[in-house]
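Here it is, the structure in full.
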């Protein structure tokens, strides 16, 4: 599997390097679907300019990324394109290794369950075979590296790619016991603490959290916040901020209870919900959780809306630039048109995630109670998720 992965990495880097040399790079870097006030490259450049003038990048309303990012590019400014390509490759490799370890755990649990006769005989067709699982890690890496959303984020030099790399390393660390990522961050943090004292770091992170939660910048994006709060009366703003922001946190506890024995699927659900309900989402946030879809290919038989959702996501992706042009340049549309398509895009993601959640629970129910359910009178029963 090392050779196909290496070939995939070469193809992915070649595509990105070619796009960096075209005029599309500047066009993509201005797209509101790809960058946001939090992770736009021009914000990083402005923050570095302030840092060079001995002015705190956080003193104004320009830079809102973590100190780790600005100090990274303080040394790697001339190698920014290479840094973003390496970040995507690192994410793909980390996901590849994490999913490979996860598949080994799944196969081991299946083997123990079969030996203990805990799986009904009519559910043997639901058991995942080693042959079926062999190419899944490579598919995950492919879904991430060749996803158009990932590619445009890299070409735009959106710092979302760096965040995805950190999350992927955390997932890998979780699968392997937690030593790798903690060591890396200990070294990185030690270097950062030599530049900034603890009080200053606390103030910076408090300012970043406040910016995320208060949503002061209403630049259009693919999220749910910008249009709603642009139309909101100020005396209602705090209440609806709480209502909107609670979605990111509200589902954590019930999902953790329901999926306590399935941590990897819980991680997938949490990443997806954060990507949907965060204040300033970009397409790069979607690419991370979409990379996990091949891991759940055994759930396809239980999915109900996958064709419809796929069509809606593709249609919305095509209509984003069209409606933006009609609104901003042609003047023949208004913000309602663009927000309508972002709203439909978010609804499609919610349907996708809920469909996978339903399919996962249904498969687990069948593995416990049998595939062909019967009523007390012997007639066929219908499984309803409540």
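Cβ from N, Cα, C; glycine included.
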Tell me which range among 144-164, 165-185 TrEMBL lists as transmembrane segment.
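From TrEMBL, the annotated transmembrane segment range turns out to be 165-185.
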Quick one: which of 102-120, 121-139, 197-215 does TrEMBL have down as transmembrane segment?
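The listed stretch tagged transmembrane segment in TrEMBL is 197-215.
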Below 8 angstroms Cβ to Cβ, which residues of this chain, lying six or more residues outside the transmembrane segment (82-99), approach it?
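Long-range Cβ neighbours of the transmembrane segment (82-99): 5, 8-9, 12-13, 16-17, 72-73, 76, 136-138, 140-141, 144-145, 150, 154, 157, 161-162, 164-165, 168-169, 171-172, 174-175, 288, 291-292, 295.
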With Cβ-Cβ distances below 8 Å as the criterion, list the same-chain residues six or more beyond the ends of the transmembrane segment (308-330) that contact it, or say none.
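Residues 31-33, 148, 220, 222, 283, 337-338, 341-342, 344-345, 347-349, 351-352, 355 contact the transmembrane segment (308-330) from elsewhere in the chain.
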Is the signal peptide (1-17) packed against any residues at least 6 beyond its ends, judged by a Cβ distance under 8 Å, and which are they?
81, 84-85, 88-89, 92-93, 96, 137-138, 141-142, 145-146, 151, 154-155
